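**Q** Let me give you the structure first, and then I'll get to my questions.
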Ligand SMILES: *Cc1c(COP(=O)(O)O)cnc(C)c1O
């Protein structure tokens, strides 16, 4: 089989509805193709232009109250705060700037645990949270808290009745993510919010993957704390926000960063003014695009899925078939070694179902939690579609994946046996 050209302009093979490679067309794609938008997103040019003046000219410290340099910076930061708040459906005063969703998660969970210590020491979360939540909970456990980690079903959903059953007299916080970064599954946040409210327990959601991708309102969800990250929605890295409810109830937090008492004492440190401006602009842009972009990404995702399923057998869709982020497709390719497939997809930026720790390659704990074995987890790929991706790119990626997986499977005796009807380690049927 001829190798794929790797030049900057590349002719792609069109795939018809049956997945058959039909004919060369004149569609072109530029390599490398970025299809990993759950890991990070580029700063949109419009966002960058909004940030630009706040580096060299409007460089003032928003905490400087005695001159116009400070006032100009403060005005920009407050406008940005209002833009973020508008997207979340909250008051500007309820937004605390942070260095990202990691810090927002730390501040929410540790801040609540410290502030409500007298009320209790029990927290409820799920097994598939981001490390920023899981590791924060683990640290609190070492410091005397108790944590219930709820399992998820095979689509990655937490059962709200499990949440209700886990509630104890000493439960102080429920923390469940809005959308999973690996499998894209959306959680029933509004249902969990109702339960939390009924029991008078604070509810935090890590919405780093959700904000800007789908519409949301903190009151519809009845969340009390919500974490967001700028670089997941076309803003700058190192910038995030925590929503902290001010009324009904008024949430109190013990700050985790001590210093000059910025952010009404909730998070000290001179603000990253260009970062705030960029996050605000990214939210305003995302809000405009919420009219069209989710539907466009959903169509692209279904196009990619249809193409893969017509061109290959023994695939498994990881995550929920419909309750998932529009741009997320996570697929296990049975009888294919994940790393080999990634290597074969040079020029296409996607993620695998493995996490490289310092010493070993571990299968994703999220994929294990939805019932995959380690082998299948390693044979998984996450496609993260975003603003830059086109139909041409989607078709090109599908064709490359089909070609590579087919080639790798041709070397697999297990795949041959499965085709002959031999039940290999209870493998997947074509599904
Ligand atoms: C990316 C991500 C985070 C971490 O956000 P940073 O801003 O990179 O610290 C936390 N939670 C989820 C679900 C994420 O996807």
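Glycine too: its Cβ is placed from the backbone N, Cα and C atoms.
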**Q** Record says 101, 102, 181, 229, 230, 231, 270 bind pyridoxal 5'-phosphate. Source is TrEMBL. Which of 79, 209, 291 does it list for that same site?
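**A** Pyridoxal 5'-phosphate site check in TrEMBL: besides 101, 102, 181, 229, 230, 231, 270, the record includes 209 out of 79, 209, 291.
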**Q** Would you please pick out, from the binding-site residues 102, 181, 209, 229, 270, the one with the fewest other Cβ atoms within 10 Å of its Cβ?
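**A** Result for the binding-site residues 102, 181, 209, 229, 270: minimum number of other Cβ atoms within 10 Å at 270.
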**Q** Can you give the mean pLDDT for the domain 'Aminotransferase class V' (33-396), rounded to a whole number?
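**A** That region's mean pLDDT is 97.
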**Q** Specify the secondary structure state of residue 231 (pyridoxal 5'-phosphate binding site) as given by DSSP, simplified to three classes.
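**A** Note: residue 231 (pyridoxal 5'-phosphate binding site) is helical by DSSP.
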**Q** Provide the number of Cβ atoms within 10 Å of the Cβ of residue 232 (N6-(pyridoxal phosphate)lysine), excluding the reference atom itself.
**A** 26
**Q** In sequence order, which same-chain residues at least six apart have a C-beta under 8 angstroms from residue 231 (pyridoxal 5'-phosphate binding site)?
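**A** The list for residue 231 (pyridoxal 5'-phosphate binding site) reads 40, 41, 43, 100, 237, 238, 239, given in order along the sequence.
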**Q** Please report the distance from the Cα of residue 209 (pyridoxal 5'-phosphate binding site) to the Cα of residue 232 (N6-(pyridoxal phosphate)lysine), rounded to the nearest angstrom.
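**A** A Cα-Cα distance of 6 Å.
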